[in-house]
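Structure first, then comments.
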Amino acid sequence: MTWRATALTLFPDMFPGPLGQSLAGRALEQGVWSVEARSLRDYGIGRHRVVDDTPFGGGAGMVMRPDVVSAAIRDVGRAGRPLVYPTPRGRPLRQDDVRRYAAGPGLVLLCGRYEGIDERVLEAEQVEQVSIGDYILSGGEMAALVLLDSCVRLIPGVMGSEASGTEESFSDGLLEYPHYTKPASWEGRDVPDILLSGHHAAIAGWRQTESETATRMRRPDLWAAHLARTGQDTGGPVSLAADPERLH
Ligand code: ADE
C-alpha cells in the first residue's frame, strides 16, 4: 500500500523537490510513497484564475479566497487522510504527530501563500494547522516538504539499514548525545577517551549524561517535560551562564 501525499499549491513544480533525492527519492521511484501536486490556480476565478483578494478590515497583503481553496479541497479524494495546512499560526509539529501521520494512509497538504487563507474554509474543512517552527517562511511549500520528509523516513522500507527509521533525538524526549568518528585526534581536538575504552556500560552512561546536559542547556522545555515524566523535581530553569563553555 502506497503512502499517498497530495499537495495543493500555487507552485506544483516545488514537489517532490529535494524529496526526489536520496533514500526518499528511491522510495518514491519504488512506489513506497507518492506525491501529487495540484495547482490551486486551476480552481481560480475567471479568465485570470484569481485565487486571492484584499483582506476585509484592511491591512497589508492578500488572502486566499475560501471558494477557490474549498473547490480544490473538495476535488481531492481525501480517503481518510488528514488535511494539514502548514502555517506559523499552527500548533507546533512534534514527532508524535509525525508518527501518527506516517502510520496512516498519507496526507493532503494545503500550501498557503500571501498573508494566509480565509479562516472560514479552514473551519469548514476541518483543517489541521501545523507550524514547523517560530519563524516565517515565504509560503507553505517548504514547510510541507519538511513535514513530508519527517513522515516518509518513518515509512517501512524507506530508510533500509541506514537508520531503520529510529527517532534518535526525540524517542525518549531527550536530545541525542554527540557523535565522533576517525581520526581520533583532529586539529588538536581529541575524541573523548571513554569512547575508545571499549567499556560499553560506561559509554552508555556517558552518552546518557551528555543527552541530559544538552537537553537541560538547550531545551529547558524538553528538560522540564522529561523531569515531570521521570518524576523528578524541576528545580527551575537552568542558566547557560552556569557553564558557558560547556555547549556551543
Ligand atoms: N508557513 C510559513 N511559515 C511557516 C512555518 N514556520 N511553519 C509552517 N508553515 C509555515
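We count from 1, first residue shown onward.
Every residue, even glycine, has its Cβ placed from backbone N, Cα and C.
Given the structure is predicted, the values throughout are model-derived calculations rather than measurements.
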Item to check | 39-59, 207-227, 228-248 - the one TrEMBL records as region 'Disordered' | outcome: 228-248
Checklist entry - Which binding-site residues of Gly112, Gly133, Asp134 contact ligand 1 in the sense of C-beta under 6 Å? => result Gly133
Next on the checklist: With the cut-off set at 10 Å between Cβ atoms, which of these binding-site residues ends up with the most neighbours? Options: Ile132, Ile136, Leu137.
Outcome noted: Ile132
Next on the checklist: I need the least crowded one of these binding-site residues (Gly112, Gly133), counting other C-beta atoms within 10 angstroms of each C-beta.
Outcome noted: Gly133
Checklist entry - What mean pLDDT score does the domain 'tRNA methyltransferase TRMD/TRM10-type' (6-224) have in the model? => result 95
